[in-house]
Amino acid sequence: MLGAAGMLAAPSMTVARSGSPSMTVVRSLEDTSRRSQTARLVPRFLTHCAQNCICASPYFLYFDLQISGEIPGASPDHHMMSPTGNIGKRAPFPYVNHSPNPSREFSGSIGNVAWKERVDGWKMKQDKGTIPMTNGTSIAPSEGRGVGDIDASTDYNMEDALLNDETRQPLSRKVPIPSSRINPYRMVIVLRLVVLSIFLHYRITNPVRNAYPLWLLSVICEIWFALSWILDQFPKWFPINRETYLDRLALRYDREGEPSQLAAVDIFVSTVDPLKEPPLVTANTVLSILAVDYPVDKVSCYVSDDGAAMLTFDALAETSEFARKWVPFVKKYNIEPRAPEWYFSQKIDYLKDKVHPSFVKDRRAMKREYEEFKVRINGLVAKAQKVPEEGWIMQDGTPWPGNNTRDHPGMIQVFLGHSGGLDTEGNELPRLVYVSREKRPGFQHHKKAGAMNALVRVSAVLTNGQYMLNLDCDHYINNSKALREAMCFLMDPNLGRSVCYVQFPQRFDGIDRNDRYANRNTVFFDINLRGLDGIQGPVYVGTGCVFNRTALYGYEPPIKQKKKGGFLSSLCGGRKKASKSKKGSDKKKSQKHVDSSVPVFNLEDIEEGVEGAGFDDEKSLLMSQMSLEKRFGQSAAFVASTLMEYGGVPQSATPESLLKEAIHVISCGYEDKTEWGTEIGWIYGSVTEDILTGFKMHARGWRSIYCMPKRPAFKGSAPINLSDRLNQVLRWALGSVEILFSRHCPLWYGYGGRLKFLERFAYINTTIYPLTSIPLLIYCVLPAICLLTGKFIMPSISNMTSIWFISLFLSIFATGILEMRWSGVGIDEWWRNEQFWVIGGISAHLFAVFQGLLKVLAGIDTNFTVTSKASDEDGDFAELYMFKWTTLLIPPTTILIINLVGVVAGTSYAINSGYQSWGPLFGKLFFAFWVIVHLYPFLKGLMGRQNRTPTIVVVWAILLASIFSLLWVRIDPFTTRVTGPDTQTCGINC
């Protein structure tokens with residue numbers, strides 16, 4: 001096993017601060033003189049932090065910094081740190097803050113004299129009324145806190161002549177859906193709502209007396225379905241598309257021959273168990289990140305190993321070495337995708353558009369290198385299958401600190417750095433950092449959400465990128481320009497300041513052509529999220545999302561005065577902000593009543609409080625410091641980083657102090673008595689922390705953006721097996737139920753904030769959809785009961801009533817057809833989504849409701865896991881035909897069988913009863929076939945390949961068939977019942 005070269009590990013870290021100087025780091029959005037004061041005072045604050053950090057247990061601190069003061073890189077050839085190591089080969093790890101350069105965009109030669117005079121006049125205007133940005137642009141007051149919609153990316157108060165300059169054009173624009181497609185869609189929605197109201201009125205006012213319980217259950221279910229449809233449908237009222245202009249982004253921030261002014265991005269990859277999440281998959285994700293088309297000094301990749309596995313550590317060391325060969329190859333030949341496993345497995349003509357004579361030779365050599373890399377990774381995996389009794393031992397003979405996955409110190413390893421990692425051609429590589437947070441018994445670690453918050457703090461201390469991208473370990477970068485696509489929104493001077501994150505759709509590899517279980521989830525990603533993008537933005541879906549770090553810290557977006565709009569504007573808009581003249585009086589009122597959704601971290605309030613006391617008032621500054629540390633934790637370096645609007649680490653900060661602070665901020669007790677997980681970072685309280693985190697940001701008034709580039713930005717893998725798919729859906733539904741019964745439920749949370757009305761509709765639907773499983777289960781059982789008992793849920797209907805019924809079904813189909821028309825979703829994808837909605841609703845969603853109730857009411861945490869599997873299939877999509885028994889399969893199997901039995905029973909009864917019974921039978925058969933058709937993919941999943949039925953299914957089918965056969969014999973429908981006189985009363989004389 002490879003050793004822990006340069007690894008920092010500490011069981012705990014305490015920070016002693018005696019006689020701490022006052023907090024002197026402030027931030028301002030409008031006063032440039034205050035910003036200059038901040039620049040002078042940040043280094044003093046960080047220096048004090050470095051002098052007072054005391055490690056409680058130096059045993060796990062393997063420093064080689066006392067000699068060189070540098071952060072070393074690691075490789076398989078250099079494993080143990082030594083004071084006499086080869087220090088001359090290491091260069092200092094740079095922590096460079098972006099410096100303002102307002103005139104950068106107009107540097108260079110300008111041929112036309114008149115144009116030069118116009119530009120000089122523009123510069124004079126800029127000197128009088130602009131705010132310099134550290135990323136190299138200037139924001140006019142109208143751009144920073146101007147009026148209008150926060151998404152009005154085309155509203156620029158400039159001279160018409162300047163709009164012709166590409167460097168001043170917006171970086172993105174909205175593309176509305178053509179009115180010829182969206183207007184008929186909206187008309188059909190309104191028409192369907194009217195028809196649905198008439199239908200429900202008829203159903204309520206016409207009860208079925210001889211089947212009253214069945215009628216009552218059916219009406220309750222139909223009312224719930226109607227409410228659920230409204231919550232799902234109306235957030236799709238304003239769907240939009242978006243376009244980005246990468247050429248304008250390059251002209252503004254990334255000109256050739258000049259230092260790039262693009263913002264720094266910290267990329268997070270999370271993994272837990274390398275035996276369930278193969279290291280080769282994680283390695284491909286990391287390689288695609290390191291090869292992304294973005295300035296290398298602006299990219300940092302952090303890999304969170306929440307299982308503290310030495311296998312992950314060693315695989316990452318191998319990956320860092322292979323990256324030195326892979327990255328220059330893909331950049332030289334502009335390879336897509338830049339994950340080697342998926343690039344070499346493409347069944348396309350890889351010579352298309354390739355003109356370089358050495359490409360074929362280099363490709364063959366690289367493919368051989370990758371195959372050798374795979375063999376090394378496979379060797380590590382094979383060796384890790386059996387854990388030694390004494391635990392894993394590093395190459396230097398010391399035990400691996402993570403041998404006990406529930407009780408181990410925090411570990412940080414820098415594999416590649418800005419100055420420590422060069423590729424085979426001598427070019428710099430992005431930073432690659434391994435992080436495993438500390439875990440101790442008795443502490444709540446909050447699973448993935450806790451791991452992500454640890455990465456937020458580590459990255460803030462070491463690199464502090466202005467933006468962050470989070471990816472699951474199986475989601476690689478499929479489009480190397482994905483970060484640039486996101487920057488077209490986040491770095492847009494007018495739009496970006498109010499954007500909390502840019503969400504990309506999830507796309508998947510390895511799914512069967514028919515997508516039997518709707519793994520692609522196309523309806524959600526291509527219809528629902530595009531509809532939300534026209535309101536306040538899409539929900540956060542857990543991966544493929546670029547965050548604004550400021551929004552994750554709990555700050556609110558810049559307040560903008562909105563223009564008065566019409567009815568639709570008020571319907572989709574949130575709470576109107578008070579005018580500036582009333583700010584003082586409103587502020588006093590707001591102090592009396594504080595809504596939990598209104599952010600408590602308003603930068604302007606912090607600055608005003610500090611400045612009001614004056615910089616010489618040490619007591620006031622100390623109070624401000626204590627307030628920030630109570631919110632963000634006891635780390636002076638991290639608190640200072642949160643107040644740097646444009647990211648970066650102060651140049652005066654030393655690597656030693658930063659690494660000590662990085663170890664400290666991932667200690668298991670760091671979040672105690674802070675607001676991490678409640679107001680800051682990823683929010684705790686649900687297994688679907690993504691929905692909760694996005695909801696909190698939207699409630700504060702931020703908006704999100706949905707970016708759908710032509711080439712998918714990211715691709716991942718999805719469980720195509722039926723049981724695994726149901727367990728995945730169970731986890732999502734359980735998270736929604738947890739949110740529903742929490743204080744963050746959208747039904748009652750955030751009404752004092754700035755969450756838009758239709759956006760709240762979408763979040764309510766996201767949390768209550770598992771409850772639909774109960775009426776859905778009842779509705780799927782009703783057809784079988786009606787067929788077996790001869791009763792029906794509807795009375796005999798007239799011709800006029802029949803017309804309304806037909807109109808309802810036509811409106812349902814018309815809505816689906818027009819929705820597919822404007823979205824581009826195929827009818828097969830739409831139908832697969834409808835089928836799996838029923839399959840998941842009567843299985844995973846149902847179990848999630850009961851499991852959530854047990855957890856909330858009784859504190860019982862029940863896990864439904866796969867208990868057995870039976871498959872020896874080989875070939876393509878072999879996993880699709882793998883059968884794994886799980887309790888989630890019981891409800892759909894039962895419903896499927898009783899409906900089949902009901903169809904046979906009802907048909908037999910009609911044959912025996914004569915012609916008059918066929919009319920009512922057709923209505924019952926229609927509902928029964930509706931259930932069976934929707935469960936058809938589930939039936940195929942049970943049968944497996946070549947109709948080989950698993951034993952458990954046969955046993956279950958025989959059991960239920962026997963029960964219904966006995967009931968059938970008791971009913972005996974084929975025996976003619978002859979009614980005659982009562983012999984006991986009349987006797988023989990009747």
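Placement of Cβ uses the backbone N, Cα and C atoms for every residue, glycine included.
For the ranges 192-215, 888-911, the feature annotated in TrEMBL as transmembrane segment maps to 888-911.
Around Lys276 (UDP-alpha-D-glucose binding site), taking its Cβ as the centre, 8 other Cβ atoms fall within 10 Å, counting all chains. Among the recorded positions listed here, namely Ser270, Lys276, Glu277, Asp690, Ser270 has its C-alpha nearest to that of Lys448 (Mn(2+) binding site).
The Cβ centroid of Ser270, Lys276, Glu277, Asp306, Lys447 marks the UDP-alpha-D-glucose site; residues of that chain outside this set whose Cβ lies within 8 Å of it are Thr271, Val272, Asp273, Gly307, Lys448, Ala451, Cys473, given in sequence order. Here the Cα atom of Glu277 (UDP-alpha-D-glucose binding site) is found 20 Å from that of Asp690 (active site). Sequence-distant residue pairs (6 or more apart) of the transmembrane segment (917-939) and the transmembrane segment (835-854) include at least 3 whose Cβ atoms are under 8 Å, placing the two stretches in contact. Between the transmembrane segment (835-854) and the listed ranges 768-790, 802-823, 888-911, the one holding the most Cβ pairs under 8 Å is 768-790.
Long-range Cβ proximity for Asp690 (active site), meaning a same-chain Cβ under 8 A and a gap of 6 or more residues, is found for Val539, Tyr540, Val541, Gly542. Cβ neighbour count within 10 Å across all protein chains ranks Lys448 highest among the binding-site residues Lys447, Lys448.
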